[in-house]
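Database features (Swiss-Prot):
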MOD_RES   Lys2  N6-acetyllysine
MOD_RES   Ser23  phosphoserine
MOD_RES   Ser29  phosphoserine
BINDING   Phe99, Gly100, Ser101, Thr108, Asp112, Ile113, Asp114, Asp166, Lys227, Tyr236, Gly245, Val246  ATP binding site
BINDING   Asp112, Asp114, Asp166  Mg(2+) 2 binding site
BINDING   Asp112, Asp114  Mg(2+) 1 binding site
SITE      Phe152  site 'Interaction with RNA'
SITE      Lys157  site 'Interaction with RNA'
SITE      Asn327  site 'Interaction with RNA'
SITE      Arg398  site 'Interaction with RNA'
COMPBIAS  509-519  compositional bias 'Polar residues'
MOD_RES   Ser525  phosphoserine
SITE      Asp532  site 'Interaction with RNA'
COMPBIAS  539-555  compositional bias 'Polar residues'
MOD_RES   Ser599  phosphoserine
MOD_RES   Ser648  phosphoserine
MOD_RES   Thr654  phosphothreonine
COMPBIAS  673-685  compositional bias 'Basic and acidic residues'
MOD_RES   Ser684  phosphoserine
MOD_RES   Ser708  phosphoserine
Amino acid sequence: MKEMSANTVLDSQRQQKHYGITSPISLASPKEIDHIYTQKLIDAMKPFGVFEDEEELNHRLVVLGKLNNLVKEWISDVSESKNLPPSVVATVGGKIFTFGSYRLGVHTKGADIDALCVAPRHVERSDFFQSFFEKLKHQDGIRNLRAVEDAFVPVIKFEFDGIEIDLVFARLAIQTISDNLDLRDDSRLRSLDIRCIRSLNGCRVTDEILHLVPNKETFRLTLRAVKLWAKRRGIYSNMLGFLGGVSWAMLVARTCQLYPNAAASTLVHKFFLVFSKWEWPNPVLLKQPEESNLNLPVWDPRVNPSDRYHLMPIITPAYPQQNSTYNVSTSTRTVMVEEFKQGLAVTDEILQGKSDWSKLLEPPNFFQKYRHYIVLTASASTEENHLEWVGLVESKIRVLVGNLERNEFITLAHVNPQSFPGNKEHHKDNNYVSMWFLGIIFRRVENAESVNIDLTYDIQSFTDTVYRQANNINMLKEGMKIEATHVKKKQLHHYLPAEILQKKKKQSLSDVNRSSGGLQSKRLSLDSSCLDSSRDTDNGTPFNSPASKSDSPSVGETERNSAEPAAVIVEKPLSVPPAQGLSIPVIGAKVDSTVKTVSPPTVCTIPTVVGRNVIPRITTPHNPAQGQPHLNGMSNITKTVTPKRSHSPSIDGTPKRLKDVEKFIRLESTFKDPRTAEERKRKSVDAIGGESMPIPTIDTSRKKRLPSKELPDSSSPVPANNIRVIKNSIRLTLNR
């Protein structure tokens, strides 16, 4: 019996080695204390509504069953209308697949369902958005039905018996769709258009993730905890440059592969251990990328120069492999890595019995964290316009973050994913206002008593991008405005209610009081390390910008309240020369010369001449010698400035096979920049399996990032029609 038991254990261990691209770090089974900590983790998560009860789960199944029947009926009707033989119509089939958090089994109460409608080859996409849309319109229980055909992944959105559903469409090059269809088969992608491939990709990635984890239930519980933590800490948003649900799932799946037998409480701790020490931009891979003869574009930095600029690559496991985190910027990566380290310190305390899981789920003190903030405001005159406008502005905020990162004097631009309702007293002409806050860290300049910083171009190129996109999709309407204002921490009470600021401050002090040696971070004090006083000027400058219609009336000029902190509105012509190396044009035409002034507070000084007394912006790559910026400190900037690289480095050799090798604990993969491969090799003597095959990547901490494929703004035509839009000029002086 003992021999059989030993053989069983050995067989189990051999099987576990097939998960992931390296051997596991530990095969240790959980102890009793691990199960106790796991139960405590579950108890800590329950108040946040992350678990659905049986009744709610069954209701979702009923709704999906109804939707599946509707799809089959519709496909049958379409088949008849296209004169297919009755024998074919009877067996044509059709099916609904789910993906995303629901398919992974980690959806929360009230969450929507991502679903895919799969149809046979004779059903067109136009049928889906026309006849099926009409069928849904007349179906009982359907509410808020809307189609988004021009989206990156075209979708129909609706509520069905109280459940929100996002339904995408794909037709396969086969005559019938059986109930046991396996979408993981790569051959299903043959002869499909790109929109169908994108639609199928969600299901294929989700299913592949579930096939690549050793224990699905442990994976699900761990992922629930990590997703809740990420949302609570303000780093859950693919749109804003953090990570979305699929990316978090892949990071947790990789952790499960490395510790295949661990309990969820242990895996949460190991998650922070692994990714607080991960050497980005080495990619996270769940399996070796597979080649295919379908010749679809895949993520490969050896072949695609743009892939070398990705800062935090997490590669989807299903063909065609893609980087799910191409929106990540230098700032968002810095914030996330800091959060990984903080999470590791907290879970260390929890597993030592010094703290409990509720501490891990405490929100951050964002409004006490920084000395300087930029308030971004989006407003519209009607609720319907506001919903559209806010969605577009939010989707482009990462453009603003990128612009600010390229500013010579900015170390970090941290956007808070949560938006807030705006103060209507500041926007009397628009009743619908939303605000976002960006925490800013400015660089310390050596041997300078004061620094004059001009953020005008960074803001204007961002607003031009948004207005151009709105015009291109015929969204831009009278009353839609964007404004940006620089404020200091002590002035935030002009924008946010006291309970929000006080609550955050209280939590911050509580964190400090309860922190032990293991929780002391490397952050410097804001009050001691930043340049102290600042003087800034916000100039609202109206000028012509694109409109969707030639007869559109002019938008009224926004007048700021004189009580607004450190904000000075000077509505006058402003000529801002474009910064070197940026391709986004500033749209402008005839400028209204009307001038309105408001006396500034005594602490403010307005530069008398635009461009004078302002240190010119020179974009530079990040200097590794300066180290990572502390999230609430100031880093030094040297006098010697190196221009940004304007082209991708050449590749002398191209390895033939992707290979990822991780070290024990350090977990370094071999997707290395060739220039540092030897250095890293000397650091490592305990590599796990496989030989090193360097693939060039580029750490673009302070280098020029290539534009996202979603943002073809610089190449968009400049419209001839104009609508006058308020623009902000932001200049400030930082003193020691």
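Just so you know, glycine gets a Cβ as well, placed from its N, Cα and C.
Here the recorded positions are Ser23, Ser101, Asn327; the one with the fewest Cβ atoms within 10 Å of its Cβ is Ser23. Secondary structure at Asp114 (ATP binding site), taken from DSSP and collapsed to helix, strand or coil, is strand. Spacing of Lys227 (ATP binding site) relative to Asn327 (site 'Interaction with RNA') is 18 Å (Cα to Cα, whole number). A 10 Å cutoff on Cβ-Cβ distances gives Gly245 (ATP binding site) a total of 20 other Cβ atoms nearby, all chains included.
When the recorded positions Ser23, Ser29, Phe152, Lys157 are ranked by how far their Cα is from the Cα of Ser101 (ATP binding site), Lys157 comes first.
Other residues of the same chain near the Mg(2+) 2 site, with their Cβ within 8 Å of the Cβ centroid of Asp112, Asp114, Asp166, are Gly100, Tyr102, Ile113, Ala115, Lys157, Glu164, Ile165, Leu167.
Around Lys157 (site 'Interaction with RNA'), the same-chain residues six or more apart in sequence whose CB sits under 8 Å from its CB are Asn144, Leu145, Arg146, Ala147, Val148, Glu164, Ile165, Asp166, Leu167, listed in sequence order.
Neighbour counts of Cβ atoms within 10 Å were taken for the recorded positions Lys227, Arg398; the minimum is at Lys227. The Cα atom of Arg398 (site 'Interaction with RNA') lies nearest to that of Gly245, taking the binding-site residues Phe99, Asp112, Asp114, Gly245 as the candidates. Among the binding-site residues listed (Asp112, Asp114, Gly245), Gly245 has its Cα nearest to the Cα of Ser23 (phosphoserine).
The distance from the Cα of Asp114 (ATP binding site) to the Cα of Phe152 (site 'Interaction with RNA') comes to 15 Å. Each of the binding-site residues Asp112, Asp114, Asp166 was scored by the number of other CB atoms within 10 A of its CB, and the lowest score belongs to Asp112.
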